[in-house]
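I have placed the structure first, in the form of structure tokens, so that the comments after it can refer back to it.
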Amino acid sequence: MDAPKEIFLKNYTKPDYYFETVDLSFSLGEEKTIVSSKIKVSPRVKGSSAALVLDGHDLKLLSVKVEGKLLKEGDYQLDSRHLTLPSLPAEESFVLEIDTEIYPHKNTSLEGLYKSSGNFCTQCEAEGFRKITFYQDRPDIMAKYTCRVEGDKTLYPVLLSNGNLISQGDIEGGRHYALWEDPFKKPCYLFALVAGQLVSRDDTFTTRSGRQVSLKIWTPAEDLPKTAHAMYSLKAAMKWDEDVFGLEYDLDLFNIVAVPDFNMGAMENKSLNIFNSKLVLASPETATDADYAAILGVIGHEYFHNWTGNRVTCRDWFQLSLKEGLTVFRDQEFSSDMGSRTVKRIADVSKLRIYQFPQDAGPMAHPVRPHSYIKMDNFYTVTVYEKGAEVVRMYKTLLGTQGFRKGIDLYFERHDEQAVTCEDFFAAMRDANNADFANFLQWYSQAGTPVVKVVSSYNADARTFSLKFSQEIPPTPGQPTKEPTFIPVVVGLLDSSGKDITLSSVHHDGTVQTISGSSTILRVTKKEEEFVFSDIPERPVPSLFRGFSAPVRVETDLSNDDLFFLLAHDSDEFNRWEAGQVLARKLMLNLVSDFQQNKPLALNPKFVQGLGSVLSDSSLDKEFIAKAITLPGEGEIMDMMAVADPDAVHAVRKFVRKQLASELKEELLKIVENNRSTEAYVFDHSNMARRALKNTALAYLASLEDPAYMELALNEYKMATNLTDQFAALAALSQNPGKTRDDILADFYNKWQDDYLVVNKWFLLQSTSDIPGNVENVKKLLDHPAFDLRNPNKVYSLIGGFCGSPVNFHAKDGSGYKFLGDIVVQLDKLNPQVASRMVSAFSRWKRYDETRQGLAKAQLEMIMSANGLSENVFEIASKSLAA
């Protein structure tokens with residue numbers, strides 16, 4: 001294997017040759033597939049004598065022609081990664097024809113062209129197209145494509161590719177063909193092909209200009225009934241994008257295909273979106289509310305890419321957040337408008353804190369726009385996506401809805417059908433609004449989560465209230481020193497009755513800004529600065545970073561009393577939730593310290609009262625209450641410790657949950673009883689909120705291990721009319737080891753063994769369990785007939801799930817580490833992308849005590865010494881060891 005090579009943003013150069021048109025032809029076969037490409041090539045500089053270097057991986061080259069002339073072996077250079085054509089016609093353009101042979105049935109990496117459950121399918125982003133044919137596999141090569149697909153008519157009755165269907169027909173030998181043409185220029189990562197035995201759910205959407213678009217969702221016949229929600233979601237997304245951003249669909253056909261073997265969640269290929277089945281298929285009996293919500297969001301996300309990603313794409317892969325950060329922001333807004341904005345915001349911020357903050361503090365920390373990579377697949381991360389979305393959200397916070405829309409409009413006006421950079425998006429936002437963004441671009445170039453400290457003071461004589469901010473970004477690999485960045489802080493001030501004070505003016509840096517309203521945006525751009533509010537009649541309680549206005553960690557001088565006050569009164573619902581979370585984190589950290597010193601644990605009664613009053617506040621959204629009474633996760637608490645202690649944190653969280661359940665059991669029982677329903681399942685916010693609150697209360701009660709509550713949960717399991725309620729009852733019961741748990745897990749499997757998506761949930765529930773010694777159960781499940789190491793969803797459920805139980809993954813004897821190490825080496829031979837996702841669980845090994853460090857390090861070293869290690873796994877393992 002060649003030594004892994006690091007690619008750097010600073011080394012970007014324009015291509016020497018552009019491709020204008022690409023005509024592809026596929027002859028699909030059982031043993032081999034022949035791919036022919038005919039490309040119109042033009043030099044960037046006329047008369048250029050530069051060599052044309054094409055990427056290619058795992059391809060058998062059959063022939064190369066230039067302007068119809070067959071090249072001999074001495075006319076080109078071929079190695080394991082490239083086809084180089086050194087001497088080319090110097091005229092304005094020429095035609096290049098290449099024939100290759102590939103073997104999709106042997107392709108377990110699931111990138112390029114592969115077989116999934118008997119069907120042909122593609123995944124080309126980021127660099128999978130080079131596994132199909134020799135090509136300049138980079139996103140700034142945008143061309144117009146046609147694609148002719150031919151295959152056996154019985155085995156592959158449906159032949160799909162991008163764009164519009166031009167012609168189709170039968171050919172000899174029981175075969176048939178379809179010819180597709182995409183009128184829009186696109187990079188090769190958006191190419192797609194699907195062939196197989198599929199049926200479609202059909203519908204139409206009439207765009208605002210009156211064009212009728214044919215919509216088709218393709219699945220195997222038995223799954224067709226489960227596509228109704230996906231079609232609803234697609235039509236809702238199309239309407240929303242027109243209403244909110246003025247963006248209309250640009251072709252006459254939109255296809256979605258669901259496949260069971262898929263590395264990612266879904267892929268936005270032009271007019272032929274390919275989805276992981278779990279993000280398309282749903283019925284009340286086989287999918288939970290969380291699945292329905294995920295399908296809505298991801299179908300929105302991939303559809304929104306038609307403009308933010310496809311019509312305007314990335315110049316190079318370092319700019320990935322240009323399309324992904326923006327499109328995640330758009331799907332978050334869409335889901336917020338379809339449900340509860342506050343609850344969606346809480347869910348998104350929780351995800352950021354649980355997954356992205358740790359990444360930003362570990363060996364894989366990288367900016368929203370990375371400076372370098374060995375394997376681009378490793379940078380489809382929570383930093384690029386979720387932190388990237390927060391960066392886009394800050395533009396909207398600063399510019400307002402109308403200003404943000406003006407920026408988006410200018411972005412498309414300037415860059416339609418171009419491959420551009422993060423600076424181009426920044427410039428459109430700035431120029432459309434004549435805005436001063438100071439040092440905002442630092443968000444794209446600096447890794448690490450800023451830590452903002454806030455100190456307040458009140459001057460009763462002058463009736464002024466001051467907020468002093470200081471910001472610091474911790475060092476990250478390759479970035480020891482940081483510059484201050486632009487942090488928008490949305491602030492409100494509460495009076496002693498809990499009402500927002502109307503603000504009149506704020507003094508900052510020698511200027512006075514007049515404001516009117518109950519909240520304002522402070523622009524923090526320096527290492528230290530002060531803002532002084534005037535005409536404040538009494539000492540207020542500040543509500544800071546309303547709506548989580550910047551992706552930062554915040555340290556304030558708010559007392560516990562202030563936090564209880566905000567929990568009870570803040571008009572910003574996000575900050576009500578946040579006050580409860582800050583209190584819970586403080587409380588749990590103190591208890592961890594007590595536990596480590598063998599002191600008895602006791603719960604602050606004020607905390608119980610605070611949550612109790614939220615629980616009984618009928619004016620609050622039920623899903624908000626469910627979120628507000630959910631404790632911070634073990635990972636969040638460990639993140640705040642100098643040396644993470646999984647055993648202590650697990651014991652403390654379990655103690656707090658049981659204490660809350662015990663003290664609030666009457667209220668919790670009432671909630672379960674009052675929020676049951678025997679009516680048919682409806683996916684809407686009020687029903688989802690009702691189920692979320694009921695099931696959160698049920699989980700609390702079942703944690704008490706009281707026979708009466710176990711019976712209650714068992715009854716909920718048996719009486720449930722949908723999977724949301726049934727699975728929540730199953731999860732509540734399986735918290736506690738014993739015969740009841742074993743029996744009910746067996747019952748659930750027997751009921752759903754023929755539905756692979758439900759079985760994956762069954763795997764996940766067992767793998768994430770905190771019951772003692774769970775690694776042995778998970779090892780047994782590897783041999784379960786329903787498990788398959790070649791299927792990414794099953795790996796994410798069983799192995800990824802196990803890594804999500806800190807107490808078992810970080811078991812003191814190293815059994816969790818050894819289990820994962822062995823699996824990663826096996827997986828890497830099959831699917832390097834999935835293997836590198838799994839090895840990431842080791843990345844923060846230095847956060848733990850010396851014994852655990854030694855055990856984890858040994859596994860990383862074992863992985864690094866494996867023969868034929870992929871670049872994907874090498875990059876994560878080597879960076880983790882070097883930390």
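Placed from the backbone N, Cα and C atoms, the Cβ positions cover glycine too.
Keep in mind the model is a prediction, meaning the values are calculated, not measured.
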Listed co-binder of Zn(2+) (same site as HIS301, HIS305, source Swiss-Prot) among GLU248, GLU324: GLU324
Swiss-Prot substrate site partner of GLY265, ALA266, MET267, GLU268, ASN269, selected from GLU125, GLU127, GLU413: GLU125
Three-state secondary structure, which DSSP defines for ALA266 (substrate binding site): strand
CB contacts for ALA266 (substrate binding site) [other CB atoms within 10 A, all chains]: 22
Same-chain residues at least 6 apart in sequence whose Cβ lies under 8 Å from HIS305 (Zn(2+) binding site): GLU268, LYS323, THR327
Pairwise CA distance, HIS301 (Zn(2+) binding site) versus ALA266 (substrate binding site), rounded so that it is a whole Å: 9
Secondary structure at GLU125 (substrate binding site), reduced by DSSP to three states: coil
Additional residues around substrate, ordered along the sequence, whose Cβ is within 8 Å of the centroid of GLU125, GLY265, ALA266, MET267, GLU268, ASN269: GLN123, MET264, ASN273, ILE274, PHE275, GLU302, HIS305
Cα-to-Cα gap, ASN269 (substrate binding site) vs TYR385 (site 'Transition state stabilizer'), nearest whole Å: 18
In sequence order, the recorded positions (GLU125, GLY265, MET267, GLU302) whose C-alpha falls within 10 A of TYR385 (site 'Transition state stabilizer'): none
Residue pair MET267 (substrate binding site), GLU302 (active site, proton acceptor) - Cα distance, angstrom, rounded: 7
